[in-house]
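Next up is a structure, given as structure tokens.
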Amino acid sequence: MPENVSLIRNRTEVGQGRAWGSGAGARPAWVVMVLAGVLIFTSVVDVLGNVLVIISVLRNRKLRNAGNAFVVSLAFADLLVVCYPYPLVLHAMLHAGWLPGEMECKVSGFLMGASVIGSIFNITAIAINRYCFICQANTYEKIYGRAGTLVLLTLVWVLTAIAILPNLSLGSLTYDPRVYSCTFSQTTSAGYTIAVVTVHFLLPIAVVTFCYLRIWVLVLRVRRRVTTDVRPRLRPSELRHFLTMFVVFVLFAVCWAPLNLIGLAVAVDPPRVGPLVPDWLFVMSYF
């Protein structure tokens, strides 16, 4: 009997979700198919790319270093969202609503948040690692030994867990029919939303920007032969690795900046600003 009551409650919540705004039920079939296609393509690329990265590092002894440890951690963070949340999002798209229960919704939202915040924290850790390797060569080995790297990796995921756990107590992980997924609600708590955007996006972006700017300055100085102190640290392979991670950072920042800026704007005045955000803009920033 309790299971039947729970099922009825879940179905009712789905029905209410469809009626909210211009929810999933009001969306043309071709739009749903396009979004589903984008999600499937993204999932396949995520799995293939990140699994190849992990296998390459594990199989090649030369790639097993402190810098690549954070790259593997980043790949793992990306895979979190593919293993559970994305299949449920695809299921919600094809069924015009969320059919699984509330627990599945919470788990999906938790893993999606862990993936996003874990990614930004790992990208930050990679930038700091590259900065220390290239600009602070004398202290690099002291910080990034085997034990130090393990401690820093653990710290990245502990901070990620600390960042996500408040969502469970605040009840801010809810189903959003605009994006067919259980995600962080930007209107649950204005103060918490501002804190999330500031601490988990703007601050890491500032740290990464500082690190890469310092590296760029040093690279330009070396190329212009202003200094030769760090030339051994700027081998072509290391420069390519730096450029690759810099591109990853730029793409991540560009992709996630719109959603975070929308959240910041909504948090300032949820009742007034929230309804002004067009569904298409929110969906585009999310996907």
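Cβ from N, Cα, C; glycine included.
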Per Swiss-Prot, is MET103 on the side of the membrane where VAL268 is?
yes
Which of these, CYS135, CYS182, CYS211, shares a disulfide with CYS105 in Swiss-Prot?
CYS182
Can you check which of ASN10, ASN167 Swiss-Prot annotates as N-linked glycosylation site?
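The residue tagged N-linked glycosylation site by Swiss-Prot is ASN10.
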Please identify the stretch among 29-49, 70-90, 108-128, 193-213 with the greatest number of Cβ pairs below 8 Å relative to the transmembrane segment (150-170).
108-128
Which stretch, 29-49, 70-90, 193-213, tops the Cβ pairs under 8 Å count with the transmembrane segment (108-128)?
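That would be 70-90.
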Let me know the model's mean pLDDT on the topological domain 'Extracellular' (267-275).
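Looking only at the topological domain 'Extracellular' (267-275), pLDDT averages out to 69.
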Within its own chain, what residues at least 6 apart in sequence put their Cβ under 8 Å from the Cβ of CYS182 (disulfide bond), listed in sequence order?
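Result: PRO85, LEU88, TRP98, GLU104, CYS105, LYS106, SER108, GLY109, MET112, LEU173, THR174, TYR175, ASP176.
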Residues sitting near the topological domain 'Cytoplasmic' (50-69): Cβ under 8 Å, six or more positions beyond its termini, same chain?
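Counting only partners 6 or more residues beyond its ends, the topological domain 'Cytoplasmic' (50-69) has Cβ contacts under 8 Å with 75-76, 78-79, 126, 129-130, 133, 144-145, 148-149, 153, 241.
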How do the residues of the topological domain 'Extracellular' (171-192) split into helix, strand and coil according to DSSP?
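Per DSSP, the residues of the topological domain 'Extracellular' (171-192) fall into 3 helix, 8 strand, 11 coil.
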